[in-house]
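K.L.:
My structure is below; once you've seen it, I'll send some questions.
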Amino acid sequence: MPATVVRRPTGIALTSRPVLPRHARLRFDAVRQRWVILVPERVLLPDETAIEILRLADGEITVETIIDRLTFKYQGDRAVIATDVIALLQDLADQGFLLDLGGEGE
Amino acid sequence: MSELIDTSSREETTPHPEMPMAVLAEMTHRCPLRCPYCSNPLALSRASDELSTEDWRRVIDELPEIGVLQLHFSGGEPLIRKDLVELVRHAGQAGLYTNLITSAVLLDATKVAALAEAGLNHVQISFQGSREEEEADRIAGMPGAHLRKLEAARQIREADLPLTVNAVMHRQNLDQLPEMIDLAVDLGAGRLEVAHVQYYGWALKNRAALIPTLDQLERATEIVEEAIRRLKGILVIDYVIPDYYARRPKQCMGGWGQRFFNISPDGKVLPCHAAASITGLSFDSVRDHPLAWIWRHSPALNRYRGVDWMRAPCRNCEYREIDRGGCRCQAFALTGEAENTDPACALSPRHEEIFALAATESAEDRRRLLYRAHGGGVWESEG
């Protein structure tokens, strides 16, 4: 059987340009008054940091830029913020809920 | 530390319903396939009983108002409905996350493009086997079904729609499990559900021909666990084991009427797709009441909410808030009373007897299938 596109694991790096795919929708649930991520068969409830990261992740800006912006906003320890951001994005990527538009920045 | 909380398990069940999260819309019971484990009820709805397009549009408008976030279009085969694309679009416009659960035998490039353009979020295709076309088609009861599914899956990936492969497993195809996993990878699926048949309705009628042996199950579990590790980041695998071989019953649907409901083709609101099998319960219809009223006040939905309805041994059990006594449909099907403890639980007085029988059946070599059909099904021809 001819294969279509066999997937490869997404490794999140500083140059990654992450974005949620069609099947992982971040939206504000007006009835419950909270943000949710809708994925097949489940609903994920992101905390405030996750919401902030994912609202920045538009497929155009890099992970490095996301880290810069959060570091500036919170005047926090850049290394700690970088670890948190990459861990969150890698976790989503491992579950198939994150695309990396990489160098092309489509 | 950032954290994502998954809502697929919850601690407590409540007599007062919270808002429902997801709805399974059975658009029709019509289907070109005749699978012997079909999850539709033994008493199948007729086309003439189905909700109209206008009914569905109104129902879809009501869903977000009561808190529903996700709508799964299912059947039967939902693509038999001419209005599916229109309803997918309508649901998306209402803010719902849309998923299509399909056999895919009616999907072609034109239909896939229309669904993608309408905003469909996700597609799930069931497979009856791996690459053994004839064997998969025999289970589906439809010649040519497997090749059509493969072609449809390719169209879906070419349209960049995300795909889940649903591999329905039982004694007659468990030896194909490694190939089923390869198939999901080759098709570019992001997710694979390895779902052992659950023995209600049609599947219960076919239990003697389908139930795996304990050895088969243990081997399957090893294969799945190895694949989960090997395919991290490539394919997410969800695994549903048959509760016949568990010591504890499953937490069915997160509790009766807790955060999920099913709408049958004729508009009845059920806590799950199998609940119509429980005789003596009268389910309310979207033809007669607004959904908000049904969710809060339907006597059938309130019947097994909370824990007050429980009998011994559930009533005083320390697990009662965890598994809620298991599955009401299975309790009814196997003991005749839905209030009884699900016999999947080792604490059920019927557990030993029922599961000893199932284990005996698993060791026999019965293969003949009872296909789903109106009027009690059709036996596979012999030889």
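The backbone N, Cα and C atoms fix where each Cβ goes, glycine too.
Since we're looking at a predicted model, the values are computed, not measured.
Residues or ranges marked as [4Fe-4S] cluster binding site in TrEMBL: B:Cys31, B:Cys35, B:Cys38. TrEMBL lists B:17-235 with the feature domain 'Radical SAM core'.
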K.L.:
Can you give me the residues near the recorded [4Fe-4S] cluster site, meaning same chain, not B:Cys31, B:Cys35, B:Cys38 themselves, Cβ no more than 8 Å from the center of the site's Cβ atoms?
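P.N.:
Filtered neighbour residues, in order: B:Leu33, B:Arg34, B:Tyr37, B:Ser39, B:Asn40, B:Gly76, B:Ser103, B:Ala140, B:Gly141, B:Trp202, B:Arg372.
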K.L.:
Using a 10 Å radius around its CB, how many other CB atoms surround B:Cys38 ([4Fe-4S] cluster binding site)?
P.N.:
23
K.L.:
Below 8 Å Cβ to Cβ and six or more residues apart, same chain only. Which residues does that give for B:Cys35 ([4Fe-4S] cluster binding site)?
P.N.:
B:Gln128, B:Ile139, B:Ala140, B:Gly141, B:Val168, B:Trp202, B:Tyr371, B:Arg372
K.L.:
Around B:Cys31 ([4Fe-4S] cluster binding site), which residues of its chain at least 6 apart sit with Cβ under 8 Å of its Cβ?
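P.N.:
Sequence-distant Cβ neighbours: B:Cys38, B:Asn40, B:Gly75, B:Gly76, B:Glu77, B:Ile80, B:Ser103.
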K.L.:
If you average the pLDDT over the domain 'Radical SAM core' (B:17-235), what number do you get?
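P.N.:
Within the domain 'Radical SAM core' (B:17-235), the model's average pLDDT equals 96.
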K.L.:
What does DSSP say about B:Cys38 ([4Fe-4S] cluster binding site): helix, strand or coil?
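P.N.:
In three-state terms, B:Cys38 ([4Fe-4S] cluster binding site) counts as coil.
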